[in-house]
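When I checked Swiss-Prot for this same protein, it listed these features:
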type     : residues                                                                       : note
ACT_SITE : Cys375                                                                         : active site, nucleophile
BINDING  : Cys254, Ala255, Ala256, Pro257, Gly258, Gly259, Lys260, Asp277, Asp303, Asp322 : S-adenosyl-L-methionine binding site
Amino acid sequence: MKKMTNLRCIAAQTIEKVVEQGQSLSNVLPAAQKSVGDKDAALLQELCYGVLRTLPQLEWVIGRLMSRPMTGKQRAVHFLIMVGLYQLMFTRIPAHAALAETVEGAVALKRPQLKGLINGVLRQFQRQQDELMQQMNDGDQQYLHPKWLLERLKRAWPAQWKQIVDANNQRPPMWLRVNRQHHSRDAWLTLLEESGKQAFAHPQHGDALRLESPCAVGQLPGFDQGWITVQDVSAQGCVALLAPRDGEQILDLCAAPGGKTTHILEAAPQAKVMAVDVDAQRLARVSENLQRLTMQAEVKQGDGRTPAAWCGDTQFDRILLDAPCSATGVIRRHPDIKWLRRDRDIAELAALQQQILDAVWPHLKPGGTLLYATCSVLPEENHVQIGQFLQRHADATLIETGDLTQPGIQVFPQADGGDGFYYAKLVKQ
């Protein structure tokens, strides 16, 4: 059945849910995509991701074109104008089509009386486009990050903050992990090339391939059979550092959606793995991934701060703690993070990470390894967190594998490389 709803209206409503209501894009977008049908789902995704990526510039332009912002019940129209501006500024959609469809979105929003206003604002932009596009690259809005985060990055990484911000504003590459139980990386790459696609092997990570162009997983040879998993190369680095072995008791804590759980079992098929996450909905995806790769693990819902509740007095040979964090290293994949996070969240997240680390440490066997990981680039969650942990726990030793000036390894997001990530490998004496 043909869907009749205005796509620009749906994009505006989806963006409003993220920016005004604090919902995550990955939670609200799938339902929105179902309402427009397969053909338009990709365009809806492009508009939502694009507006959230470039929000400060769009806000700045609206501020130049309108004397006062739209508030209250008119707020959705504000986001509809943003959708219109994004199309005119950053896409190849013909201007006449972008304009007509966006103006018509006012009817779908039950604000037909504002069609003239929307049309006027977008046409005014067209008249001043060159001048506005030049001016919007002068102030802080050019960096496309909230002020608080920009200040934290400048303070933490005075030499690298621009590189981090630039990478955050790019479209992310699509990384794959080849399941070595089925194929070597080179053998699967041959299958991919036979299907007409290209990928590039990572020089350090033996299972990792970067697709030349992202595609739907259904187009990847053997995806449903578990030959391949979509996982960023930085996340793949966790299991290489954890170094699991057959026969070991291994805990994957904060395991959802299961990419690292399955990677552990690819590396050590005879390991006894327990995968734990606090979020029941996301935990279901761990089970789905295990099923797709025909692997076995004990999957449990549980809070990392109270391990005795879900593992009793069990001690593990290895623990992978992919801690809850600000996700500031994966902004390019989830641009809504910039608008969902607040400055005060960082201290709260650091406190939560500390509680989980301290709670789970007694469940590591003497001689065992705990790998602490985050997808953050903020020191409070990373080397500062681990520095404080080492001061509290005399029986913990950090295995130095990176820059010796600070504990652990900090990776920044890179255009053709991995996401921003942090790792610290701790051994119990």
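Our numbering is plain: 1 for the first residue shown, then up by one each step along the chain.
Using the three backbone atoms N, Cα and C, a Cβ is placed for every residue, glycine included.
The shown structure was predicted, so the numbers you read here are calculated from the model rather than taken from an experiment.
Distances, neighbours, how buried they are, the whole picture for these features please.
Counting every protein chain shown, the number of other Cβ atoms lying within 10 Å of the Cβ of Cys375 (active site, nucleophile) is 27.
Within its own chain, Lys260 (S-adenosyl-L-methionine binding site) has Ala235, Cys238, Val239, Asp252, Leu320, Asp322 as residues 6 or more apart in sequence whose C-beta sits under 8 angstroms from its own.
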Across the listed S-adenosyl-L-methionine-binding residues, Cys254, Ala255, Ala256, Pro257, Gly258, Gly259, Lys260, Asp277, Asp303, Asp322, what is the farthest Cα to Cα distance, given in whole Å?
19
Got a sec? Which of these binding-site residues, Cys254, Ala256, Gly258, has the most Cβ atoms within 10 Å?
Gly258
Using a Cβ-Cβ cut-off under 8 angstroms and a sequence gap of six or more, which residues of the chain neighbour Asp303 (S-adenosyl-L-methionine binding site)?
Val278, Ala309
Three states by DSSP: which one describes Lys260 (S-adenosyl-L-methionine binding site)?
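DSSP call for Lys260 (S-adenosyl-L-methionine binding site): helix.
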